[in-house]
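To start, the structure under review is shown below, and the notes come after it.
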Amino acid sequence: MAEHGESSEDRISEIDYEFLPELSALLGVDAFQVAKSQEEEEHKERMKMKKGFNSQMRSEAKRLKTFETYDTFRSWTPQEMAAAGFYHTGVRLGVQCFCCSLILFGNSLRKLPIERHKKLRPECEFLQGKDVGNIGKYDIRVKRPEKMLRGGKARYHEEEARLESFEDWPFYAHGTSPRVLSAAGFVFTGKRDTVQCFSCGGSLGNWEEGDDPWKEHAKWFPKCEFLQSKKSSEEIAQYIQSYEGFVHVTGEHFVKSWVRRELPMVSAYCNDSVFANEELRMDMFKDWPQESPVGVEALVRAGFFYTGKKDIVRCFSCGGCLEKWAEGDDPMEDHIKFFPECVFLQTLKSSAEVIPTLQSQYALPEATETTRESNHGDAAAVHSTVVDLGRSEAQWFQEARSLSEQLRDNYTKATFRHMNLPEVCSSLGTDHLLSCDVSIISKHISQPVQEALTIPEVFSNLNSVMCVEGETGSGKTTFLKRIAFLWASGCCPLLYRFQLVFYLSLSSITPDQGLANIICAQLLGAGGCISEVCLSSSIQQLQHQVLFLLDDYSGLASLPQALHTLITKNYLSRTCLLIAVHTNRVRDIRLYLGTSLEIQEFPFYNTVSVLRKFFSHDIICVEKLIIYFIDNKDLQGVYKTPLFVAAVCTDWIQNASAQDKFQDVTLFQSYMQYLSLKYKATAEPLQATVSSCGQLALTGLFSSCFEFNSDDLAEAGVDEDEKLTTLLMSKFTAQRLRPVYRFLGPLFQEFLAAVRLTELLSSDRQEDQDLGLYYLRQIDSPLKAINSFNIFLYYVSSHSSSKAAPTVVSHLLQLVDEKESLENMSENEDYMKLHPQTFLWFQFVRGLWLVSPESSSSFVSEHLLRLALIFAYESNTVAECSPFILQFLRGKTLALRVLNLQYFRDHPESLLLLRSLKVSINGNKMSSYVDYSFKTYFENLQPPAIDEEYTSAFEHISEWRRNFAQDEEIIKNYENIRPRALPDISEGYWKLSPKPCKIPKLEVQVNNTDAADQALLQVLMEVFSASQSIEFRLFNSSGFLESICPALELSKASVTKCSMSRLELSRAEQELLLTLPALQSLEVSETNQLPEQLFHNLHKFLGLKELCVRLDGKPNVLSVLPREFPNLLHMEKLSIQTSTESDLSKLVKFIQNFPNLHVFHLKCDFLSNCESLMAVLASCKKLREIEFSGRCFEAMTFVNILPNFVSLKILNLKDQQFPDKETSEKFAQALGSLRNLEELLVPTGDGIHQVAKLIVRQCLQLPCLRVLTFHDILDDDSVIEIARAATSGGFQKLENLDISMNHKITEEGYRNFFQALDNLPNLQELNICRNIPGRIQVQATTVKALGQCVSRLPSLIRLHMLSWLLDEEDMKVINDVKERHPQSKRLIIFWKLIVPFSPVILE
């Protein structure tokens, strides 16, 4: 170690790079890139953190305490980290060694903290076993007194002499002053930081900053003559009373303990490991193969215990396994050879010189074992004590000591360590759970305050009558057995104060049994015996030094009198009792308790710890489990008890395939199997309890109720006093007038509800079936099925019967037709609180719908199909469900990945019913759009001058850019770490060869991608070959088409559409496109390139139906179209953006030859000579959509032909100007004939302004109108006309009303409009924006009117009001309205304008 208090911080690496390829495959990301970025961030954090020896964290118990707020979803337990010298720093998840200052941020599944510590800082003096002041978590302050102080006792009567003894006082104990210690009568012994009173001989150590030597002296040795000469009896009593923990305990209780101590171990060593005790390891070799050439004793001495499989042994410390033993093998040598870093081996090496000294110093009498030492103080002192006792007193003393020995022997046997679990959990005994610390909170009966306790703190505070409460399987039994085991093993000095510890199971006793009889029957076995008289005398004499661990408590009435008295009249015996009680039963004994300990949920790191030990031979399996729970955070709590962990271990052992599933339902099923095995004798009552609890769970789930009262239980037929009920539910009474009941967890409630629903739907009774259908039909939207009730339905499918499955499948697949449910989706808030991950899922689906309802519908349909097929296959009812499935598939567009479903392998003909399948190929090229939106609009604008309270209406573009750049960087980093995922074509339909049916239409979306690699090309070749028709949509993906040329060459005749945006086509790609004979649709947009070679040869696409050309820079597109272009007689859609120089006659000629034209979009600035264009358009009777962008024509020429377009659905003229009133009136009159019109974007101009009211009235004759836009033409009179028309019953289908940029409307006009607007049941979007020069500052009455207007629009989800200057009070009104709105979760208000300047603040 460097100088104490200093530590050099070199760059270190926590990453196991050799395992990163494997991790990359499991996570689906580039783990090398993630690791590199993570290491850099962690190095920066390390450089900021304080270094140097931290004397305040010498105590392992204190280090353990720092992990109270530590994330439980980790691979290392706090116990492992604290034992390895680490404490939690509070900086992220960083832990730091108190000695060498090593800082670690990550956890490793394959390396324990001690191993990581050893690898990164082998020079750490703590690891090397040097004296750096470490205090073991179970260590105590009281030490064995030295037989002779240095220089004799007499020389230390003077304080100065005592002070001189502290010359070599260790550096780590400088927080306690030698002067204060010497003043309190202590002399430094020269060993560690141990001091001894010159007067009473009391010896103390483990001094920490803030300790008061006088207080410690008074607590542990209150009879000391020197102490009593310096402090009054009142002061001594105050010291004792204010001492934390160890009530009624003095140093004498530790010094004269009968417990045999194991030889000391290196402090970094985890000294409470189950098999640290040699006897325990020896006990595991009972079934060791007799033919093995290696002796058991040698294996045990080398640290190994038998795994029970073949001749495989495992080290209790490092977990290393060895097998295939041969003649002459030396276990210790092999241990050193294969696992040289093992801490146990390091311990032996470090103790090589210490052990002989210890053995000689603490030599045992010949009558006792040589490997242990009797720790009841000086032998002569004990002998004299016995001599002074009377004959009968001596008898109880001898019997008590003999009993103590028998108890310790019993607690270290395998029969005690193994729990009596049924065969479902037989593979996992208590052995694997004893080393796990349960999470405990302490609740003082007379105070409402709760406090989290570490196990050392629990041990320090054991006194009087206490209980440990918890659910079934929460670890109560394991906890009590661990206390007994640690006491017996000699590895826990905190428990030395107890001379007798009785672990008694109350489930196997009768009320007429005596206490001695119970102890003999349960703990002493054959030949063991103790009389009631001697037992009573021992308890009477030892009092606080007797600990009863009472398990399986079920009530006072069933207890024998002796135990009843110990609990209810503890003041008589003054013994210590710790009673394990189910949460439901605590109230029964609350009156007699001083403190209640409550076991919390089993931390996930304990689950990992158990599984790592149990499946050390298959650590990848444990890695997969952790990754599964990273992806499914909502499910992390299912391992809430050790019993559930036992269930998953058993399931993994019995079913190897289960290791890849990690399904939470398996846990619950295993738990229910455990209950059925345990309660075989009462199978019918158990089934009745499960059924009634299932009914309660089902009712609660559909009413979002997860807490119940007695009335709820009674209504469901649940007997709250039935013991079996406590196996499924918990009762909570603290701080409540009436008890509250909860299931073991929200997920477990859903599981039981699922069991009940299946039971109802499968019943022969019509009433049950009807009730089941009633609940099923409450899942009345696709979003509920795939979100709120997704987990529940998954549980139902795991129990689905042949009778129930078709009913569920039919219901689920009909939900996709519920269009309204998607548009009006809202989350169940109570459910979301319990399942935060579900809320994120909901937000994703809702966001997808807002952006693309079509994509959302496809996404939802896919999930409903997957769910339905799970039901069909789990229940073997595919044939019965197929009619519903086939009907569902008809006309659907789904993702390509659905073909991996088994159904498409079994029924490939169903593929023909689909409309299309979609596949997306996404790269990591980024395309920024920031500058395009602002460059031209703001360049001539001056910053607005406004009052200071309105500044929040503007956001500077630099801030917006900064946030945008940050988001862009996050996305870029995310994309970079995720390798391009290939479309999965490994299962289902793809297993068929040859393919009996082809994909009707394949839609290929390619985004931000460069050239395809060979792997992707191979996939596309197979997918293309299985497709009848292929459509491409390419965005920002230059070069991609050329890279997939081999795949296109094989499927030329299948490509029917190619849409390309923001990319440039190479000459090779243009030539490739020209070889596609079946191309029907071609779109090129948002690029400066004019692909002349392609356009010159468009006539070669004989089947072309759609052409869309929107190029930046407005090149003369018409000039490059071939003369033969009019020969494409099938053209249905023509969308052209061209320049003013274009030859208009050429366009006219084209249209003349397109009799089937449905859609015509033109963007240009012709202004004149457009009569011929209008004439030819008038002949296109099938036109459904017309859009003119730019000033394309003289108004009257178009108005004259407008009545011809009787099939028109979309008319977009918002860029056109109608200057005169006559033309505008004629336009308004013509609108009335467009009965099928759905979208109308009204032109601008003075003429339109004058007839705006007439246009509004004419729109009332358009019953299909969904979108209505007025820009720059409305005033107060015309805008109120819209409100009146709506109120009178017009515009019933209107979804989007855009009246933005109408600066002739005054504040009064807006206020009147808001007050009058009503009766628009389907309006989803309202736009009232203004530009910056036309910004409006309104009064409170106008804001109030707007709020009232919004309240009357029940479907509104977007309100645009840029350049409305609103202060804090105004926004409060708007937000209050939003909170109360029916669409409050979806309603978005756009009011903040992004600008490239800061507004001028008026003085």
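Placed from the backbone N, Cα and C atoms, the Cβ positions cover glycine too.
Per Swiss-Prot, Zn(2+) binding site is recorded for CYS315, CYS318, HIS335, CYS342, and the stated evidence type is sequence analysis. The number of other CB atoms found within 10 A of the CB of HIS335 (Zn(2+) binding site), across every protein chain shown, is 25.
The number of other Cβ atoms within 10 Å of the Cβ belonging to THR477 (ATP binding site), over all protein chains shown, comes to 22. Residues or ranges marked as ATP binding site in Swiss-Prot: GLY473, SER474, GLY475, LYS476, THR477, THR478.
For the domain 'NACHT' (464-759), the model's pLDDT averages out at 85. Sequence annotations record features per position, and here Swiss-Prot assigns domain 'NACHT' to 464-759 based on sequence analysis.
The annotation repeat 'BIR 1' is assigned in Swiss-Prot to 60-127.
Feature annotation from Swiss-Prot assigns repeat 'BIR 2' to 159-227.
Taking DSSP states H, G and I as helix and E and B as strand, the repeat 'BIR 3' (278-345) has 27 helix, 8 strand, 33 coil. What Swiss-Prot lists as repeat 'BIR 3' is 278-345.
Calculated from their C-alpha atoms, the gap between THR477 (ATP binding site) and CYS315 (Zn(2+) binding site) amounts to 26 Å. With every protein chain in view, the residue among the binding-site residues GLY473, GLY475 whose Cβ has the most Cβ partners within 10 Å turns out to be GLY475. Among the binding-site residues listed here, namely GLY473, SER474, GLY475, LYS476, GLY475 has its C-alpha nearest to that of CYS318 (Zn(2+) binding site). The shortest Cα-Cα distance from GLY473 (ATP binding site) to any of the binding-site residues (CYS315, HIS335, CYS342) is found for CYS315.
Within 8 Å of the centroid defined by the CB atoms of GLY473, SER474, GLY475, LYS476, THR477, THR478, the record's ATP site, lie the Cβ atoms of VAL438, GLY470, PHE479, ALA580, ILE599, THR641, PRO642, LEU643, excluding the listed residues themselves. Sequence-distant contacts (6 or more apart, same chain, Cβ under 8 Å) of SER474 (ATP binding site) comprise VAL438, ILE599, PHE602, LYS640, THR641, PRO642, LEU643. Among the binding-site residues listed here, namely CYS315, HIS335, CYS342, CYS315 has its C-alpha nearest to that of THR478 (ATP binding site). When the C-alpha distances from GLY475 (ATP binding site) to the binding-site residues CYS315, HIS335, CYS342 are tabulated, the minimum falls on CYS315. DSSP gives LYS476 (ATP binding site) a helix state. Mapped onto DSSP helix, strand and coil, the repeat 'BIR 1' (60-127) counts 24 helix, 8 strand, 36 coil. Note on proximity: of the binding-site residues CYS315, HIS335, CYS342, the one nearest LYS476 (ATP binding site) is CYS315, by Cα distance.
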